[in-house]
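S.K.: From TrEMBL, for reference:
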- 1-399: domain 'Major facilitator superfamily (MFS) profile' (DOMAIN)
- 12-31: transmembrane segment (TRANSMEM)
- 37-57: transmembrane segment (TRANSMEM)
- 69-91: transmembrane segment (TRANSMEM)
- 97-119: transmembrane segment (TRANSMEM)
- 131-153: transmembrane segment (TRANSMEM)
- 159-179: transmembrane segment (TRANSMEM)
- 211-233: transmembrane segment (TRANSMEM)
- 253-274: transmembrane segment (TRANSMEM)
- 286-319: transmembrane segment (TRANSMEM)
- 374-394: transmembrane segment (TRANSMEM)
Amino acid sequence: MPRPIKVRLVTSFINRTISFAIMPFMALLFVQAYNKVFAGIFLIGTVILSFLIGLIGGYLADRFPRKRLLVLSTTATGLIFLVMTICLAIDQMLLFTIAYAIFTVTSNIGRPAMSAIIIDATTPENRRAVYAIDYWLINLSIALGTALGGWLYVSNRLFLFSLLTCTSLLLPVAYHFLLDESKHVWQKQPLRNVFLDLGKSYQIAWRDRPFVKVVFGSMCILAAEFSIGSYVAVRLADEFDTVTIGDLTVNGVRMLSLINIENTILVVCLTFFIQRFSNRFTNKQALVGGLVLYIIGYATVTSANSLTLLLTFIFIATIGELLYSPTLNAEKANMMPADQRGAYSAFASTSHAGADLLSRSTIILGAMLAPFRMSVYIGLIVCLGLGLVYLGLFRKEKVVEKQQAS
């Protein structure tokens, strides 16, 4: 495996572990310091800000050396982490809040460059394997980060932030000494108007209809997974019949935790086994087969109230996820032009933001529709996503083959 990929995977794992160690507790911290209304408005604002900054980061990743952009952004992030830690130590929450807003900028502006670097360093032949490793590391970082944060947040909050500050400050050092400059083709056009130039970069991605179909298809697919934390969480808390297993009482909230724990354990333990198994099939077969299992699993979990059914079908959904996700990410990367990978990577991130909005809407729909109808709704949304992804990835291949034949 090329060194840039190893460096990127390891540093991204560390970076994500840091994020998952503190991000779930930011809402609690701001509620304690201010109130629920301020915390909600402020955190929604940071989500919007992070999305916009990601778009700017994608533009910069195509204009300037990606290694330099990463080193500068991670250095700034480490320094802002240091400021946040000092603010906690001296109990200056206003300064901490301002620093957190700046942290949102510095941590997101280099993210498209990180995504583009792994595409630069891989080939179409090895991308599926690399994305399988990346997917495994993402889930491992979630498990470790949330465990670390949950263990240290209440009793040793200052130590947690100090530890994360030291780790953050080491990342730019690793990038500087271990990461080679990526081989991407920089855009050479002169800058006339930054805002017009920024818009033009994303206009190119928007006009790439097959890629747009894949991005919106990914959004529909991810909405099912994201709904676990919205509609399914609310429904289980209200409707799940408490089950007693020995001395353990499982209510709706604990059932949700069991679903998340099972999903994480399966991903960490089975990723490489499923990856080897999927190598027997073509990318098209792995993608479609995985998404069929994913649809069956999440559509059932949306309305099921039995512990056995929930655990069985989240298993099926996770197997489907392990089959389709690395394949979809690799195929998506293959569609990105060499000189536009930063902008394309940032544009692709809209699928996560859109999926989050779709999953939030399920709470409103769930107040009007019965659980079975919500299962049908989720199933149709993911089927739409499967259709869009299939059209974007494989109909394009047929058109090219016909053109070559003629």
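Glycine residues also receive a Cβ, built from the backbone N, Cα and C atoms like all the rest.
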S.K.: Which residues, given as numbers and ranges, are at least 6 beyond the ends of the transmembrane segment (97-119) yet have a Cβ under 8 Å from it?
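M.R.: Hits for the transmembrane segment (97-119): 4-5, 8-9, 12, 19, 26, 30, 33, 42, 45-46, 49-50, 53-54, 56-58, 60-62, 66-67, 69-70, 72-74, 76-77, 80-81, 83-84, 87, 127, 130, 134, 179, 182, 184, 333, 336, 341-343, 345-346, 348-349.
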S.K.: Give the nonlocal contacts of the transmembrane segment (159-179) in its own chain as ranges (CB under 8 Å, at least six residues past its ends).
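M.R.: Contacts with the transmembrane segment (159-179): 3-4, 7-8, 10-11, 14-15, 18, 21-22, 67, 70-72, 74-75, 77-79, 81-82, 84-85, 88, 117, 148-149, 152-153.
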S.K.: If you count every Cβ pair below 8 Å, which range out of 12-31, 69-91, 131-153, 211-233, 286-319 shares the most with the transmembrane segment (374-394)?
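M.R.: Looking at each of 12-31, 69-91, 131-153, 211-233, 286-319 in turn, the most contacts to the transmembrane segment (374-394) are made by 211-233.
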